[in-house]
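Worksheet for the structure shown next.
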Amino acid sequence: METLFGIAVDGVAYGMILFIISVGLSVTLGLMRVVNLAHGAFAMVGGYVASYAAQSLGLPYPAALVVAVALTVLATLPLEKLLYRRIYGHANELGQVLLTIGLTFVIVATVNYLFGPTLKRIPLPDLLLGTVSLGPKAIPTHRAFVIGMGAVTLLGLWWLLERTDFGIRLRAAVDDPAMAAALGIRTERLYMATFALGTGLAALGGVLGAELLPLEPYYAIRYIVLFLAVVAVGGAGSIFGSAAAALALGITDTAGKYLIPNFGEFFFYAALILILFRWPHGFFKGRTA
Amino acid sequence: MMSATPSAATSDRTDAARMTASSPPLAAPLKTPRDLGWIGVPVVAVAGLAAFWLFPSDLGLLTRILAAALYVLSLDLVLGYCGIATLGQAAMFGTGAYVAGIAAVNWVADPLALLAIGGVAGGLIALATGALILHARGLTLLMLTVAVTQIVQEVANKARDWTGGSDGLSGIDPNPVFGAFRFDMVGRTSYLFALAVLVVALLVARRIVRSPFGLACRGVKEDPLRVSALGGSPKAYLVAMYAVAGVFAGVAGALTAVTSGIVGLDSASFSWSAEALVMLVLGGTGRLYGAVIGTVAFMAVHHILAATDPFHWMLFIGLFLMGVVLFLPGGILSGFERLAGLLRRKGDKA
């Protein structure tokens, strides 16, 4: 019982981190059709900026979080204009994969040059260090905070895409970019805004998840397969698909580590093959962006 | 795909018939200057022998480069001639290496037999997984190929008694080639053996891509709908070529196992798959020799730069890769061809 509860809390928290990072990838993939292997690198940059802001500049945790997200978005926007805009579209997966692998390598090398190869931490404020009691059980505050932030992200994205003007334009562009442009939607600006949204979410997930996915220069390469798996199973462009896939993946992975520590990866990838064999467009193929 | 076939066949039957009769649409773009013709194979052989005399102290590295070139060549068959973007070629390489290595440790000692065993193993795993995953496209296919590689690596990691797990498989000690040429400590035999295998593989690959089957695969790459309208099954061609490439990758893995004497878990890793893709694209896809040139360039620069600091290497290769995608989409070979075309045009004017 104790173990099951531990699995549930850790699994859901882990799944929420995966969700926050992957949903950014899912939205950009759904709209721009870019297989962005540098997404993990963007998450890593967010984490490193927050770590630097908190440890070297002494900013409090919330400020470090905001600075990290803002700086990551500012730093990656020129990349959208200079690099990504040339590889948008369906037909060029190979070019996308190679360009974004190249970009990942450059970011990894740069981060290592600036911050060194050692593990970086983002010190948590006292507020997040204790535990909160939940009936007879107690769960670590940080896990509860992560789960809460994941839920807020989910609801916020749903509201943004389903209830705002921006969301309507975005969904129109996802369904038919040429028609959307013909109707007067400025798709280039839309692409830029969506790219910023995606990298912002990556940075947010990178900062929040620093406890679970430790920050080191190879972060960008180590975890990208996980993020891509979430998007492939969830279906590109589907928010709730990403959330369900991320939670399922987080819980299975955590359960595997607790219960059958030897064959976790094997079952994970076997399940991935079976799911994608049956549902090549993702388990939760949705039409919403 | 199948649902679209009848409508295309019925509505455009006359059109399609006329096009296939008057201007063979699949054969037309094949006679491009990118085909270096017969000259490439002897050039590789001569350059390989020259390297043998020029760098006698680096034969270990050179042998690794040759085996890797064969591995990248197998990826070229899949990517360059079928248009399958895959991040899982190391699954076949690793399977070939491990099966050949296990056979060498337990039963077989003849190097050529070991290559054959590795090739069969690579081909079988490619056939089995290809039939399972090749209906997918894009990100889904990439993820499936990654997943296959991870499973192969995980199995190799867990089957400790056979593979040595994370310690690697060692103790591979093959007999002399043809019973006459012993594998020496300096690696002369290894190098020449690997060079011979690569040259033979290039000839075979050249024959395959120019066969009717190879042309059909290119047809699938250019326009799968038309191939099925003409009565072919695109997926069958893709799976067949995937299996053929699996044989090449398996032989490359076995070659590595035979010449180096050890097999490690990294031979079936995601990064080894990604590196194959990088090497191939650096050299240029769809032209066989691009695989050789890309591998030589990549591994030579890697050897020089990574010796100082692996991160210097990552920065360099990252920038280089981005440059190739943005400015030289056909790889190094296409750069040479463009240069040659430019010079020729200048010569014509003068």
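Backbone N, Cα and C define each Cβ position, glycine as well.
Among the features that TrEMBL reports, transmembrane segment is placed at A:6-27 (among others).
The transmembrane segment annotation in TrEMBL covers A:34-53 (among others).
The feature transmembrane segment is assigned by TrEMBL to A:59-77 (among others).
Panel annotation: around the transmembrane segment (A:97-115), residues 34-38, 40-41, 44-45, 48, 51-52, 79, 83, 87, 217-218, 220-221, 224 of the same chain, lying at least six beyond its termini, place a Cβ under 8 Å from a Cβ of the stretch. Positions annotated as transmembrane segment by TrEMBL: A:97-115 (among others).
Remote same-chain partners of the transmembrane segment (A:144-161), defined as residues 6 or more beyond its termini with a Cβ less than 8 Å from a stretch Cβ, comprise 12-13, 15-17, 19-20, 23, 27, 128, 132, 167, 170-171, 201, 204, 208-209, 239-240, 243, 288-289. Marked as transmembrane segment by TrEMBL: A:144-161 (among others).
Marked as transmembrane segment by TrEMBL: A:190-208 (among others).
According to TrEMBL, the transmembrane segment annotation covers A:220-251 (among others). Within the chain, the transmembrane segment (A:220-251) has long-range Cβ neighbours (under 8 A, six or more residues past its boundaries) at 7-8, 11-19, 21-23, 25-27, 29-31, 35, 37-41, 43-44, 104, 107-108, 111, 154, 157-158, 161, 174, 213, 268, 272, 275-276, 281-289.
TrEMBL lists A:258-279 (among others) with the feature transmembrane segment. Here the transmembrane segment (A:258-279) has Cβ contacts under 8 Å with residues 3, 6-7, 229, 232-233, 249, 252, 285 of the same chain, all six or more residues outside its ends.
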What parts of the chain pack near the transmembrane segment (A:190-208), using Cβ distances under 8 Å and only residues at least 6 beyond its ends? 17-21, 23-25, 27-28, 31-32, 36, 39-40, 42-47, 49-50, 64-65, 68-69, 72-73, 76-77, 80-81, 84-85, 88, 122, 145-146, 149, 153, 166, 169-170, 173, 215
